[in-house]
Amino acid sequence: MATLIRSKISNKLSNAATTVTNKSQAKVSGMFAKLGFQAATDEEGLGFAACDDLDYDHRQGLQMDILKNDEIGGEGGGEMGGDGTVEGDSHYQRDGTGPPPSASKDGGFCSELGSLDKPRITAWEAGWNVTNAIQGMFVLGLPYAILHGGYLGLFLIIFAAVVCCYTGKILIACLYEENEDGQLVRVRDSYVDIANACCAPRFPALGGHVVNVAQIIELVMTCILYVVVSGNLMYNSFPTLPVSQRSWAIIATAALLPCAFLKNLKAVSKFSLLCTIAHFIINILVIAYCLSRARDWAWDKVKFYIDVKKFPISIGIIVFSYTSQIFLPSLEGNMQKPSEFHCMMNWTHIAACILKGLFALVAYLTWADETKEVITDNLPSSIRAVVNLFLVSKALLSYPLPFFAAVEVLEKTFFQDGGRAFFPDCYGGDGRLKSWGLSLRCTLVVFTMLMAIYVPHFALLMGLTGSLTGAGLCFLLPSLFHLKLLWRKLLWHQVFFDVAIFVIGGICSISGFIHSVEGLIEAYKYNIPD
């Protein structure tokens, strides 16, 4: 009897220690994955990757992992869970491979979250994520926008920062409603939830489908831009080699094929911080070189007139560099103090506005009419190759993030939507990827390569994406949703701002889209050099 009692006590103590350790590991792992995912996703104007629906699954999977670890600890489990995963390892729970989530996203699940000490981020950490989203490597295309817009291009950089900051705030306001006591309560979790609420009750799922399509387009276009910029940078770094830009794009895609086998973002997120630091160093090097040639700056080249045909493309480039609205709802929901969200948005967008404006102006003054689509191509050959190789590495390491986010959205929409799914689940009962799931991923990689080969024009593609999805997700939809959900509580000047943003955003979106398409057609028709 004494031996049995000692054995039970020993097991309980061991299980308690294991549970505490697993909780700690899950929190640290979840925080790191979350910060890495949002920093990069978001960094590319995709920011991709921080697609709200995907991030909700991530947060849900993290909490279900912690709950599962508690259950395993209580039953005397070892280091491995029943599904063969290491305890404390946060991952995306897929249908049939993890514990079933609560039936109510806003009810039972939220009560579960409230009972758990889930990881939270500070306002500074949230600001770091937003900064990465709007200060990504696509900033390298802003001097090209000044080339066709002059001082009006600089004004547009400031204007876009103000508008995107405002629409980010009103998008978050759409997540809340007043309860019976007049207190604001968060009743929605994502951009998709907001869109569905606006289309209810007649078309309760239409808004979510529209947002998902826009997210997929932006994520896939971001992947394409990474391949395009990789081919462009390699071609201009080694112009003497008998390898064309399209051939470099194919080589880059071959290096990206392992992305088809990704199951989660843990491995990818480890490179996020390193990539971001490298990018900031590259920006500093470019600015330092430009300052060294300050005596030769061509101030007379910066004028007030605009190139009517190409300036709308510049609008799309600038808007695309500010896109972060996709992941703002999930970011705000994970802040320790959501009340600091507005302050965080203010200082991040002010800093982005100043840095982008200075970078674009200084780079344009240095090279004036010789400014190229990717500004590093203007650097002297002695340092161009080194800088471009760093940028190519960053582009290739950043590619998996939007790619994985796009795959998740596609799989959830077409393969994992319960009885409404169009195709069978991509994953078996053991969580392994099936053949058609792998085919889907490989097809997506090949598609990005084909687009990069046949449309190898960085500025035109960036302008097209910014005009099509960037303006929609950052200008049109937030203002429209704000008016639809909260119009009874808005002051007259708020209504005016929302209507003005919707009209201006619509005009810029249509104009930029038309001119970008015309530019692509003209480039293809007359075989304009890449």
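Glycine is treated like the rest: Cβ placed from N, Cα and C.
Cross-referencing 185-207, 392-414, 461-483 with TrEMBL places the feature transmembrane segment at 461-483.
Comparing 311-328, 348-367, 438-455 for CB pairs under 8 angstroms to the transmembrane segment (495-514), the maximum falls on 311-328. Here the transmembrane segment (311-328) lies next to the transmembrane segment (461-483) in space: the count of CB pairs under 8 Å, restricted to residues six or more apart, reaches at least 3.
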